């Protein structure tokens, strides 16, 4: 049985993330979406809120689970007996970053294999950070994040969207 981990801060989860999760879930027996802390960013949502938002969006994927995780990704992977790390690539800048992370992870744990999925064109040009910036200005971001997530995002930012 192949268990994989798809880690991220998911602040918030995007349609691009969800596309990667759906695609990765078809490649492995068990996929764990690991909601992790990004120490270089100040999160908008708590870990508990992010786990709940993501779980709500993944009800149709029986081999996918969502877990909060702290510390090194390789340590979390060892704790859940995962050997495959799934990452997404939007552009060439992502490739360089992900290559370096893959090499570091491999040096920390030889059993880890990293699989990179290329973002599909509709999702290749935005990130959670960019979506938050646009949402702060009051723009509707529901084409980038699920509707329920967009509502929570606007509520948190004080930029509620009215129909």
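Placement of Cβ uses the backbone N, Cα and C atoms for every residue, glycine included.
Taken verbatim from Swiss-Prot:
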- 9, 41, 73, 87: substrate binding site (BINDING)
- 9, 10, 17, 88, 89, 90, 98, 123, 124, 125, 126, 127, 128, 129: ATP binding site (BINDING)
- 17: site 'Transition state stabilizer' (SITE)
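Annotated features taken from Swiss-Prot, shown on the structure.
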{"residue": "9", "record": "substrate binding site", "CB count, 10 Å": "20"}
{"residue": "17", "record": "ATP binding site", "CB count, 10 Å": "22"}
{"residue": "41", "record": "substrate binding site", "CB count, 10 Å": "12"}
{"residue": "73", "record": "substrate binding site", "CB count, 10 Å": "22"}
{"residue": "87", "record": "substrate binding site", "CB count, 10 Å": "23"}
{"residue": "89", "record": "ATP binding site", "CB count, 10 Å": "18"}
{"residue": "98", "record": "ATP binding site", "CB count, 10 Å": "16"}
{"residue": "124", "record": "ATP binding site", "CB count, 10 Å": "14"}
{"residue": "126", "record": "ATP binding site", "CB count, 10 Å": "19"}
{"residue": "128", "record": "ATP binding site", "CB count, 10 Å": "22"}
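Comparing residue 89 (ATP binding site) with residue 73 (substrate binding site), their Cα atoms are 18 Å apart once rounded.
In this structure, the C-alpha atom of residue 87 (substrate binding site) lies 8 angstrom from that of residue 98 (ATP binding site). Cα proximity to residue 41 (substrate binding site) (within 10 Å) is found for none of the binding-site residues 17, 98, 124, 126, 128. Distance noted between the C-alpha atoms of residue 126 (ATP binding site) and residue 9 (substrate binding site) is 15 Å. Spread of the ATP binding residues is 18 Å (greatest Cα-Cα distance among 9, 10, 17, 88, 89, 90, 98, 123, 124, 125, 126, 127, 128, 129).
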